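Participant: This is the structure I want to talk about, given as structure tokens.
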């Protein structure tokens, strides 16, 4: 498979979609990003890497961070996690707080904001300096010591995060948050603010393609069953209420963020990250989805 | 891969789960099935077949029929189908009628009862004798001319089908049902009542494993993109509110029915059907799920 | 109090509202009514009567019939009724089927369609010829032997009554409907189709103003506690999701129908019926509400 | 009417209900109240007063304060209030946050917590020292300069008020809260913590019985239409999800609080306050409801 040739083709063909979609507007800092940025990076488990466009420029990974958080939490507490967070798709974004009420403060899955807040609560309970631990973990996964939180993005999100505050208070009323609300939110906004490039993300997500082994190391940090669980969750819950559409068009487990990034994993084969900031109405990168659709079509690597 | 050996092993190991779960009780006819029945049939796209246990005994396929119905409808009307039915997971069974109200009578996906009723409505509009057409289609997919509707099961389900009647009336009030309610329900209950064996089902579902090609024929009846769509829908919506759990444990697109059957597909490789009538609380066969979990683990064929 | 003078004043003043609102369109027969019809009839418990406009012309009473049905059912089965229907406001029209699901098929109150269907079911269980019994009861309350069902309206409503069919099937699935669905719906549509004039309605509703005593008779058919219950239900649940607004503007217990009628009761004093077919967005007669607001303001008879 | 004799009779008869119900437990401070306290105070618009039991002992008025807050807000901003808060019953307690989501952050009525929080936000915008203004207003209504906030109750409620924090954050996300969330919550918890006796409450609520005139003054602070609105709201929304039941049993507009107090108003006649701390499952005082039921029955003063 000549992945570089495929990426080059896609880069040309997909350009026509550059104008479509809108920048995320609810976080002021994100609205200032250059909307024409576009990069792709693909890393195989054999160690080959392929890239095109703005693939080395860091951007705000936002919800993509939830997968990394899950990869840190799951080995820590194991299956007990599922007593506090579910593993099923949620159906509808508007349902989030409704479901929290009906289901006694247990979020449907770890990729909903509510679910990620529970994972943040767990990390705070476990670590003396959870922000430092999380950053170190991400740096190690990506093999890049320069990865940083973006304090401006974190502050910007915190200042307008009323829905998240509503969710976490509801969960706290059901006893599913153990730490101070402000400290959990602070951690969560930092986690989401991490700036990574497509190269960083593709390398970091190799851990899910390569059965738990870290990029550039010989170490396995996740059991096979844990990798399977995380990939299955990305497949069914990774794209807000577009999980079904993404499954069809791309046919790989993946996760998107409102910063315009999408990462996808072809188990036992490769991981790929794409970045283009303009989003469709469901909050997923227009060009990013198109890129991955072309990639699996051209390479015949959809799992379906 | 020695599939026969794997099936034999599973058959022995999985027996300990035979006692778990309950027979479907809401359809009186289904409650009379022998709860200890257990069969598996696996068919590869190369034409090899492997079986164990009660694999040739017909049972009520129930919701599994929705995938067959989708395979008949999709080539008929193409992408226009998605104007009347969605492609996303629904989150929660109790949401079905709630969502119908909020979303103006458009069911979330074709594997919800509401979605299958819309497909039934389409078939009634298209065919003079939709029951005959559907049966012929199923017989052709499975290569078995003896497949029949079970009139007693259909009558039994009709007599107690108040929730389905509620759903279809709600959709009719939104204009998403064109034909007489009674005729749509009659067709739907017949569709669900079809009796097929594991052998029949595995052969019929080869069409989804083999990129649209029918078992025992050289004919392709579905485009690749249509197969991809159907497999993606099975992956995200095939197991009521256990889609996430099934994705993790089995790692294949599949569909279950309250008759105790489950069919799964390994794209470009094989299809497999398993039958054991006792269900867990979410309506999926206990032993059936365990069987498929063991199969993909032992054969290393989970897609994750 | 010179009620005739007040009615005459209102009739002149309120004319400016005649153009506002829309005819009920969902029942074809109702859309054919002359939109400029306007009548008022007020009857005191002392036997005085006052009228103006089209007060003797029969119209379709629709949901107003639910109060009459309740007055027939309540003495029959007493407090046991509240095991099958609640006594609280429902909040929101869209909630009706949602609440039925969450609350196991028990409608919130008898003036929701679902609640009225349960009462219809009870009458069918109790009477050999419930339609005849109900009509006789209404004729007796109003002192008018010529009152009739309007078969065209009943047929018209039946033909398009998908939401009601959805509701009753949902309740049947929870065991809260004992009779055949078709027979309950048939009774219900007849009940709603009854044609009565403002004069008929004002006289019939004297039973609620006069502590259970029937117009023109010495008979008491309801206990005081039953009258209190019915009036309290009209106060809190009589106006779909405008109960609060009506309470404020009119300040009397009452009930409206989509035929454009509204009846209100001043306990121990008078009953009053008004008819004007054009409805506001919440399904209540625009001119009818204005008329009653003016009546209680001019006469100082708001209970608040 | 010999009200004193009636109160004495009730006091004896109602004692048998003293054991029923439970103390409010969710606010630790409230759980420490003597559960056997029981007092009644009735004040007529002519100036007569009648009392029995612990009628002069202050208790936490909690949600009863929402009516006083409404009486302060309504003259300040008039009908514009209804752009930010509705006037209809909410149906169901669990609906509160659901409705906030569906209805864009507009609470159903001012007596829901969400509605009271919006009124608190308005008072904060209007006054330099809203806590002082509100306390002065309440003291003036009751004619008692010694009325105080209970700082321990306020602090206790604040420390566990996660549901309120969830509600206000949700409203803030829709732009329906203008001030800092912490300052609005602080005001709200103080408002609810006010300690008043039955005598204080009966006197304060005379303003709603006496068409806007304050107890012991010649001043009218509310227009008749505003009094009508407040009474209508108490009638339809004053008792959480027992508004219908209270309407039937008591037949007067009223408001309850989880401190065990209930106030009711007979327009143009009297106001009455009762206190007994044990609550039924819907959060209303068991003995309080029984007391008012006996009062309106014995005195024939139900409005129905």
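Cβ coordinates come from backbone N, Cα and C, glycine included.
Keep in mind that TrEMBL annotations are predicted by a computer and have not been checked by a curator.
TrEMBL lists these features:
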- C:63, C:113, C:157, C:164, C:188, C:240, C:258: substrate binding site (BINDING)
Participant: Taking the Cβ of residue C:164 (substrate binding site) as centre, how many other Cβ atoms lie within 10 Å?
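Facilitator: Excluding its own Cβ, residue C:164 (substrate binding site) sees 23 Cβ atoms within 10 Å.
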Participant: If I restrict to non-local contacts, at least six residues apart, and a C-beta distance under 8 angstroms, what lies near residue C:157 (substrate binding site) in its own chain?
Facilitator: C:27, C:29, C:189, C:192, C:193
Participant: Which entry in the list of binding-site residues, C:63, C:113, has its Cβ near the fewest other Cβ atoms, using 10 Å as the limit?
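Facilitator: With the binding-site residues C:63, C:113, fewest surrounding Cβ atoms within 10 Å: C:113.
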Participant: Pairwise over C:63, C:113, C:157, C:164, C:188, C:240, C:258, annotated as binding substrate, what's the top Cα to Cα distance to the nearest Å?
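Facilitator: Among the residues the record ties to substrate, max Cα distance equals 19 Å.
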Participant: Counting all other Cβ atoms within 10 Å across every protein chain shown, which of the binding-site residues C:188, C:240, C:258 scores highest?
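Facilitator: Of the binding-site residues C:188, C:240, C:258, the most buried by Cβ count within 10 Å is C:188.
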Participant: Three states by DSSP: which one describes residue C:258 (substrate binding site)?
Facilitator: coil
Participant: Quick one: what's DSSP say for residue C:188 (substrate binding site), helix, strand or coil?
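Facilitator: Helix, per DSSP.
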